[in-house]
Amino acid sequence: MAAKEVKFGDSARERMVAGVNVLANAVKVTLGPKGRNVVLERSFGAPTVTKDGVSVAKEIELKDKFENMGAQMVKEVASKTSDIAGDGTTTATVLAQSIVREGMKFVAAGMNPMDLKRGIDKAVVATIEELKKLSKPCSTNKEIAQVGSISANSDADIGGIIAQAMEKVGKEGVITVEDGKSLNNELDVVEGMQFDRGYLSPYFINNPDKQVAILENPFVLLFDKKISNIRDLLPVLEQVAKAGRPLLIIAEDVDGEALATLVVNNIRGILKTCAVKAPGFGDRRKAMLEDIAILTGGQVIAEEVGLTLEKATLQDLGQAKRIEIGKENTIIIDGAGEASRIEARVKQIRVQIEEATSDYDREKLQERVAKLAGGVAVIKVGAATEVEMKEKKARVEDALHATRAAVEEGIVPGGGVALLRARASLAGLKGDNHDQDAGIKIVLRAMEQPLREIVANAGDEASVVVNKVVEGSGNFGYNAATGEYGDMVEMGVLDPTKVTRTALQNAASVASLMLTTDCMVGELAEDKPAGGMPGMGGMGGMGGMDMGM
């Protein structure tokens with residue numbers, strides 16, 4: 001095992017704080033509407049220009065291993081806040097830096113780090129309660145647009161398009177972000193449930209202009225295995241033909257004789273059908289078939305539940321108002337499923353989301369919720385260059401997360417005002433001893449830091465602005481974008497409560513860990529001996545020469 005370098009006490013903490021400061025100073029310049037850009041080097045191609053705190057944090061790796069440990073811990077604050085709330089990464093970094101910086105002074109003065117931690121925790125719990133009291137629901141389109149704009153670095157277009165998307169597909173609907181083809185942002189909305197499987201044969205197309213198969217008022221047959229033999233299908237096909245309605249077959253696969261017969265019947269106009277493969281793979285395929293069954297009011301024909309194709313009746317089939325099948329996608333519009341069953345299914349998937357351990361699983365489960373809950377909106381981000389596109393896309397994704405957070409837990413006045421108002425209510429908070437009181441003071445001091453940074457980045461005098469905002473009350477604050485004082489809510493400067501809460505919790509959590517650190521262990525760099533000159537090869541063809549004189 002390689003030898004380790006061990007640092008104790010103040011020397012360990014000093015190196016760690018140095019790393020914290022490097023990362024936090026790089027990230028905090030992006031805070032606020034007048035935040036500065038950070039240029040990130042790329043190994044090939046143009047550098048990336050960003051105002052996104054977490055993107056900057058992820059790029060930073062320090063040469064000194066002990067400083068790097070400090071930087072990585074603050075990076076964790078930023079990425080954790082981004083994962084939970086989708087925004088607030090820069091605020092969280094600024095808060096963490098302030099708590100660490102102030103806390104280290106008290107530790108150096110000989111105070112008990114554990115009592116400081118208890119004081120910090122006490123102040124955070126009390127602040128979160130105050131934030132809940134300040135919070136109000138975010139329900140109107142205007143408020144959603146304002147939250148989106150603030151999170152996208154004061155870009156009103158992005159806020160507006162997100163509000164439109166949420167209006168179209170509902171608060172629970174899926175909103176995805178893609179690269180656009182033009183210079184402007186565009187919004188595409190797909191009503192109903194969409195999955196990424198298309199027709200199994202182009203002969204099913206009945207709308208040549210759009211190159212799609214459109215089935216009006218069809219039955220939907222869901223089968224969890226492969227269909228090759230037409231004999232298995234005949235009983236169902238006869239019943240559907242009598243009813244005089246089209247049929248969509250969704251199965252693991254349809255091939256051979258079965259597919260050929262369906263195509264021939266379709267071409268001759270005897271029975272309007274279309275066949276598609278079931279979406280997903282393995283267990284996810286079964287779950288998605290079940291989702292489609294609940295959405296269309298049908299049943300998955302599976303041996304596990306005692307159903308076979310030969311015995312299937314019209315009652316086992318799902319129904320929908322309209323289904324469009326393209327080359328790569330199928331859209332089920334207005335399925336006939338009961339609302340109560342769909343709701344119950346959504347709740348069940350939500351429980352699975354909370355229990356999911358991997359991001360991939362969580363993302364797929366969220367997609368399923370959205371498909372069931374209604375509609376899919378696609379925001380196509382437009383830009384002139386690829387560099388601008390990447391930066392803009394990251395901002396749209398941030399804004400989208402922030403608006404979801406706002407809908408979930410409500411909104412508070414933005415621009416660092418909410419934390420200052422919460423701080424004013426905590427003036428009488430006391431700890432069990434003098435050291436805990438110091439811990440509470442650390443948090444109260446840190447809570448004015450986000451506003452200080454916003455003001456400093458806008459080129460104004462932080463102390464003057466902070467004092468003026470503290471003297472005010474309610475939503476009174478400073479709008480750094482315009483340089484005006486006034487009611488932050490009326491000016492449209494809003495923050496999601498969840499973002500502010502998560503930023504403070506994560507910052508305090510990691511900062512407390514640092515304050516209670518007394519030892520750091522790192523790899524010791526090995527001193528490798530300098531390499532000698534490589535041996536020189538002899539001249540070819542001279543092996544037999546006698547050098548004797």
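Glycine too: its Cβ is placed from the backbone N, Cα and C atoms.
DSSP assigns THR90 (ATP binding site) to a helix in the three-state reduction. Residues or ranges marked as ATP binding site by Swiss-Prot on the basis of sequence analysis: 30-33, LYS51, 87-91, GLY415, 479-481, ASP495.
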- Query: Counting every protein chain present, what is the number of Cβ atoms, excluding its own, within 10 Å of the Cβ of LYS51 (ATP binding site)?
  - Reply: 22
- Message: Using Cβ atoms only, which residues of the same chain lie under 8 Å from ASP495 (ATP binding site) while being at least 6 residues apart in sequence?
- Response: GLY88, VAL147, ILE150, ILE411, VAL412, PRO413, GLY414, GLY415, ALA418
- Cβ density check for GLY32 (ATP binding site), other Cβ within 10 Å (all protein chains) comes to 27
- Note on the structure: Counting Cβ atoms within 10 Å of each Cβ, the densest environment among the binding-site residues THR30, THR90 belongs to THR90
- Task: Name the secondary structure element type, per DSSP in three states, that contains ASP495 (ATP binding site).
- Result: strand
- Task: Would you count the other C-beta atoms found within 10 angstroms of the C-beta of ALA480 (ATP binding site) for me?
- Result: 26
